[in-house]
């Protein structure tokens with residue numbers, strides 16, 4: 001399939017699917033090379049703990065996903081292999097990290113600002129029997 005040549009070993013109907021697979025494998029290879037080009041310690045030093053957790057989880061998920069694909073290519077049903085439970089466990093941790101990230105992004109209440117906003121937003125109608133501004137300083141005694 002390299003160089004766009006047609007191979008007679010498989011039906012023509014699956015040519016597009018095989019080409020897409022080959023392209024995807026190339027993309028995965030490129031990403032892994034990029035990821036492996038920087039030492040893990042060097043990468044993690046630049047990140048805060050939450051980002052470090054994300055990198056570790058994505059790395060573990062990627063590795064286990066690739067093992068899932070490997071098992072499938074070897075004729076082993078990955079759904080019946082312990083790798084399935086491992087992927088589910090990693091997903092649980094990914095969801096926890098996502099919840100933490102979402103909580104950090106959520107709007108926080110500034111009580112002082114909210115109090116000022118409510119106080120200034122309330123409208124008080126003028127009473128009919130209130131003295132004029134000119135009479136404000138004078139008393140009726």
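Residue numbers in this text run from 1 along the chain shown.
Keep in mind that glycine also has a Cβ here, set from the backbone N, Cα and C atoms.
If you check Swiss-Prot, you get these features:
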CROSSLNK  119  SUMO2 cross-link
CROSSLNK  126  SUMO2 cross-link
REGION    1-100  region 'Required for transcriptional repression'
REGION    50-100  region 'Interaction with NR1D1'
REGION    100-141  region 'Interaction with NCOR1 and NCOR2'
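Residue 119 (SUMO2 cross-link) falls within a helix when secondary structure is assigned with DSSP. Using a 10 Å radius centred on the Cβ of residue 119 (SUMO2 cross-link) and all shown protein chains, the other Cβ atoms total 8.
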